[in-house]
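**Q** Before we start, here is the structure in question, set down as structure tokens.
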């Protein structure tokens, strides 16, 4: 039992423990944000346990967004295959206390890195679909989508807390919590 997963006896391991198919199939981008992430992690390939790596296909509709999120256990490296993506991350712990936004427009063949735990996003700025592939430095990187976590938690975070934290009217917080 390693990393929360059971390890098979080596004599019982087969090729199925090290294989996944389907990354040639585009994901459904018809949802609210216009993107779809197809993850290939320890849940799909048990043989990744303890190997410290995973992979993902990210499909984007025109103007689709992979919303601000973080991977608490992994650095991510992304390569654009099709389309143009505006990507970025927010730094943390600068000496002056500021959080700096680092961004770049990526075209096919471009690569960008998102450091472990930092909030980042990808946005298709084109009128056509976009496709990217990402490698992550953990077999179980985790993902926390910021808006979903903050406004859609179960049970909900007290609206007074969110109103004060985001300097919003409580009615706006109520509206946002209903949206998620």
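Count begins at 1; order follows the chain as displayed.
Each residue, glycine too, has its Cβ placed from N, Cα and C.
Per TrEMBL, the feature domain 'Cupin type-1' maps to 21-174. Under the heading oxalate binding site, TrEMBL lists 66, 71, 76. Here TrEMBL flags 69, 71, 76, 120 as Mn(2+) binding site.
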**Q** If you count Cβ atoms within 10 Å of the Cβ of residue 66 (oxalate binding site), leaving out that atom itself, what do you get?
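**A** Excluding its own Cβ, the number within 10 Å is 25.
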**Q** Between residue 76 (oxalate binding site) and residue 120 (Mn(2+) binding site), find the distance joining the two CA atoms and give it rounded to the nearest Å.
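**A** Between the Cα atoms of residue 76 (oxalate binding site) and residue 120 (Mn(2+) binding site), the distance comes to 10 Å.
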**Q** So if I draw a 10 Å sphere around the Cβ of residue 120 (Mn(2+) binding site), how many other Cβ atoms end up inside it?
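**A** Result for residue 120 (Mn(2+) binding site): 22 other Cβ atoms within 10 Å.
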**Q** If I take every residue in the domain 'Cupin type-1' (21-174) and average their pLDDT values, what number comes out?
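**A** On average, pLDDT over the domain 'Cupin type-1' (21-174) sits at 96.
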**Q** Excluding 69, 71, 76, 120, which residues of the same chain place their Cβ within 8 Å of the centroid of the Cβ atoms of the recorded Mn(2+) site?
**A** 70, 74, 89, 114, 118, 119, 141, 143
**Q** Given a separation of at least six residues and a C-beta threshold under 8 Å, show me what packs close to residue 71 (oxalate binding site) in the same chain.
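**A** Spatial neighbours, sequence-distant, of residue 71 (oxalate binding site): 114, 116, 117, 136, 138, 141, 142, 143, 144.
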**Q** I need the CA-to-CA distance for residue 66 (oxalate binding site) versus residue 120 (Mn(2+) binding site), whole Å please.
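**A** Checking the Cα atoms of residue 66 (oxalate binding site) and residue 120 (Mn(2+) binding site) gives a distance of 9 Å.
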**Q** What number of additional C-beta atoms lies within 10 angstroms of the C-beta atom of residue 76 (oxalate binding site)?
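**A** For residue 76 (oxalate binding site), the count of other Cβ atoms within 10 Å is 25.
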